[in-house]
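Student: Sequence annotations record features per position, and here TrEMBL assigns signal peptide to 1-15. According to TrEMBL, the feature domain 'Partial AB-hydrolase lipase' maps to 30-82. The annotation active site, nucleophile is assigned in TrEMBL to Ser157. Residues annotated as active site, charge relay system in TrEMBL: Asp325, His356.
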Amino acid sequence: MKHIVLLSIIVIVYSEKYINILGDNPPNFTELAANYGHQALEYDVITEDGYILRLFRIKGEREMPVLLMHGILDSADTWVLRGNESLAITLANKDYDVWLGNCRGNKYGRRHIYLDPDNNTFWDYTFHEHGYYDLPATIDNILFITNASKLNAIGHSQGTTIFYVLGSTRHEYNNKINVLIALAPVCFLENMEPPLKTMIQYSPMIYLTANMLDIKEIFGTNQNVINTICQQPIINSICVTNTIFPITGEDSDELEDIPILYEHFPTATSVKNLYHFSQVSYKRQFANFDYGVKLNLDKYGSPTPSVYQLDKITMKISLFVGINDNISTLDNVAMLKQSLPNVINYMIIPHTKMNHIDFVWGLPISTA
Ligand SMILES: *[C@@H]1O[C@H](CO)[C@@H](O)[C@H](O)[C@H]1NC(C)=O
Ligand SMILES: *[C@@H]1O[C@H](CO)[C@@H](O)[C@H](O)[C@H]1NC(C)=O
Ligand SMILES: *[C@@H]1O[C@H](CO)[C@@H](O)[C@H](O)[C@H]1NC(C)=O
Ligand SMILES: *[C@@H]1O[C@H](CO)[C@@H](O)[C@H](O)[C@H]1NC(C)=O
Ligand SMILES: *[C@@H]1O[C@H](CO)[C@@H](O)[C@H](O)[C@H]1NC(C)=O
């Protein structure tokens, strides 16, 4: 069984590289927002290391901007997929100045001042670079354009991880964030359940194999295999039940599913990024990417990668966690809460089926 899982992963990832399934382009963020009565603005953000990221904004009258950062394999689209009930539209309707960032690699982050996404060097990044380069560039642009001195931030999953990287490695940014609202926070990943646990156990081998096959990116083409197959009406719920729930925690109420989900999810990230998260889990340490002793010495000048100093993160953080979340488990988030110096709020959502993705794609709790 385990071997079949492993084999399927390799086959899917490998075929991705060669099959560019043709499909109509789904509506982009701006077009989605327009469907719900809001005109979005688009900006380009250039990171210190040359990536060009699309930043969206639904302009509102309130003074302090609010920045929404998506999770792994995801994009700004995620915040509008529930239409009028989604977080971005809800905030916009309340007249917040809503900004939606994108990390390098995803469908809105595939440009660079000289690197081509077909060049493997483009994919040499993990959540470390999202936190160290993508976030500062995004934040600085927002503060520059709005002339605000601080912003509020809301992150989901990896969209919270990158703030811990930022706050611990670039201390001055703590002062630019009024509060981070962390939804399904991801930092420590020690307490995992199968099948994710199994995938993590196999990850060194999968990473090695992917490298041998020269696979650096996953879910890259605009309409990739998963997008195309899982968009089909009946298959849609089979995909949710068999690929998403086993990883995120089961919530069958959600099977009143989002028909357009697979037009937008998943979108690309680097294989190295997935492996970095896996390292955090099996090495039981929230640290920079581990290349092995010899390469670590070359890259970092030390045999081991540096551990992120969470006690340096002085920004205010509000943690929100789901009881049924199999990634940001209560135990994992409890470890994070203990390590952060400035947690102002910790809330377990009062809904027994609250899983990892309900924070962005779930139905309003009153009806679920
Ligand atoms: C989204 O679509 C609009 C209208 O079709 C277009 O003007 C805009 O450039 C697109 N944005 C992106 C990021 O593709
Ligand atoms: C969403 O809200 C807008 C503005 O309030 C309204 O015009 C539109 O009909 C709503 N759409 C849906 C699908 O409910
Ligand atoms: C990838 O980009 C680097 C840096 O610009 C360049 O040196 C290298 O030749 C490129 N590789 C390919 C295969 O184009
Ligand atoms: C920007 O904000 C500063 C104070 O933070 C203020 O002195 C300045 O006038 C503002 N500039 C504009 C163009 O609003
Ligand atoms: C998720 O975690 C819970 C609690 O540890 C466990 O009972 C369940 O089997 C796990 N897997 C799924 C798919 O929910």
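The count begins at 1 with the first shown residue.
Quick reminder: no glycine exception, Cβ is built from N, Cα and C everywhere.
Small disclaimer: the values here were computed from a predicted structure and weren't measured.
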Student: Counting by DSSP, what is the helix, strand and coil composition of the domain 'Partial AB-hydrolase lipase' (30-82)?
Tutor: 11 helix, 18 strand, 24 coil
Student: Please give me the CB contact count at 10 A for His356 (active site, charge relay system), counting all chains in the structure.
Tutor: 27
Student: With Cβ-Cβ distance below 8 Å and at least 6 positions apart along the chain, what are the contacts of Ser157 (active site, nucleophile)? List them in sequence order.
Tutor: Gly71, Ile72, Asp74, Leu183, Ala184, Pro185, Val186, Ile327, Ser328, His356
